[in-house]
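Comments concern the structure below.
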Amino acid sequence: MSYQGKKSIPHITSDRLLIKGGRIINDDQSLYADVYLEDGLIKQIGENLIVPGGVKTIEANGRMVIPGGIDVNTYLQKPSQGMTAADDFFQGTRAALVGGTTMIIDHVVPEPGSSLLTSFEKWHEAADTKSCCDYSLHVDITSWYDGVREELEVLVQDKGVNSFQVYMAYKDVYQMSDSQLYEAFTFLKGLGAVILVHAENGDLIAQEQKRILEMGITGPEGHALSRPEELEAEAVFRAITIAGRINCPVYITKVMSKSAADIIALARKKGPLVFGEPIAASLGTDGTHYWSKNWAKAAAFVTSPPLSPDPTTPDYLTSLLACGDLQVTGSGHCPYSTAQKAVGKDNFTLIPEGVNGIEERMTVVWDKAVATGKMDENQFVAVTSTNAAKIFNLYPRKGRIAVGSDADVVIWDPDKLKTITAKSHKSAVEYNIFEGMECHGSPLVVISQGKIVFEDGNINVNKGMGRFIPRKAFPEHLYQRVKIRNKVFGLQGVSRGMYDGPVYEVPATPKYATPAPSAKSSPSKHQPPPIRNLHQSNFSLSGAQIDDNNPRRTGHRIVAPPGGRSNITSLG
């Protein structure tokens, strides 16, 4: 039974707002102008605007006015081993708004073999009744079963879902084979969907986990040791290769290592439509914490793919983000409490995976990229909002300050200092992986659907005020190029006459012959090796020989063989 939408849950009442004296920052331009908001939309942009009386005025005083952030990688209320992630849709979206994010795309994670449609309705209802900001939903394909194609069609055509995640890891749980990935990519391309990939080599991870546990390593460091970055990079390369054969766009989630990022950057230079998403954690911290003597601290960083133990990785990923080789920043927000993480205290494979970042994402990106001079303000807007809106077909409704766009607006103070700490964050967990980090850049005012939801450090939201935002298939930012490439690079056979020559008759035998028994499998039937020591054999060249009485001819040197000399290159 499908969820019919929330009942008697009041949406926020839009205010008439005038933002004066701000500097509008979009991904492609900046300008000084006032912005008038009404009925949840941006109505006017310019100077000396004529607005109705009684309008609330916000003085920006030259500060940046940017589109609200879009976090396309969250796992609120995700189930794991009978537990649920600590932040539900209320707590998670509340934290998002405080950090300047005004829309999320959350992952629906069905139990393997269960209905995608049923799971979607379950997530939709939970988000609709609790979310404080606008949201949409990815649907993860956790198994490739009979009937999945029909459900995917319904989700795309009737439910407003245009993005699906597949897994190359989690052997015997979520993992798909290469042939299944090929089938899924082909089918999803036909639907005009965005294909998200969790890229890790699940087969090798399973072997490494077994080996490391047998060595007696059970702590969080085992998580990183069993998932070296080569296994992420190999899977990224494989996913891009499969997508390239089909000519479909592919979006790599949670880029955590230099190797994986390099493969994405190189592939983009060669032409495949691939997009890479580092998360706040991989940009703001590293995997050296897995070796902390404090088990709870080490476990807090457990996520997959793991954070790189190389402390230079965050700076490297930030540089690739700044130059466009990586395009979007997510958070991968899926925190579990310390008590929940402790389920794996004696076995690192049982530690629930996930870190925080939904509140910290935009501040971390500003501090690591813009405040260091790697990235300008326009690029900041692109990687935190606009690129995501374009890829997932939300643009220009989201991701832009323009007349007609949704009134999701942030007044950003680039000079504001903020120390990240679990004592003041809005997440329900008692730790923060960015604990003690002092960052430049933070929102002063956050406006969602035309109403002020965060101002002067105070959050003012209600459960259920967020809206589900449906997304249409075939986002132009991706599929415009796909359509052209289908025409230009389509496969064509060679026009030739029919072959009418002889055809060898192949005997009707089984395709695969039974292999001969080996020494290991049938030692009793195997003959002893021949004797190579001539002293132990009855073979001799001394004494009388059987042909001693035959007449012998004098040897002659053959100048040319019978029939004359041959030419090895001649067939005549």
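Any Cβ shown, glycine's included, is placed from N, Cα and C.
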Ask   = Pick from T102, T142, T363: which one does Swiss-Prot list as phosphothreonine?
value = T102
Note = Filtering T101, T186, T303, T386 by Swiss-Prot annotation phosphothreonine leaves T101
Message = Please report the three-state DSSP label of T102 (phosphothreonine).
response = strand
Query = Between the modified residues T101, T102, T509, where is the Cβ count within 10 Å the lowest?
reply = T509
Remark   = Y316 (3'-nitrotyrosine) sits from T101 (phosphothreonine) (Cα to Cα, rounded, in Å) at a distance of 25
Key: For Y316 (3'-nitrotyrosine), nearby residues of its own chain (Cβ under 8 Å, 6 or more apart in sequence)   = K258, A261
Ask   = Expressed to the nearest Å, what is the distance separating Y504 (phosphotyrosine) and T102 (phosphothreonine) at their Cα atoms?
value = 69
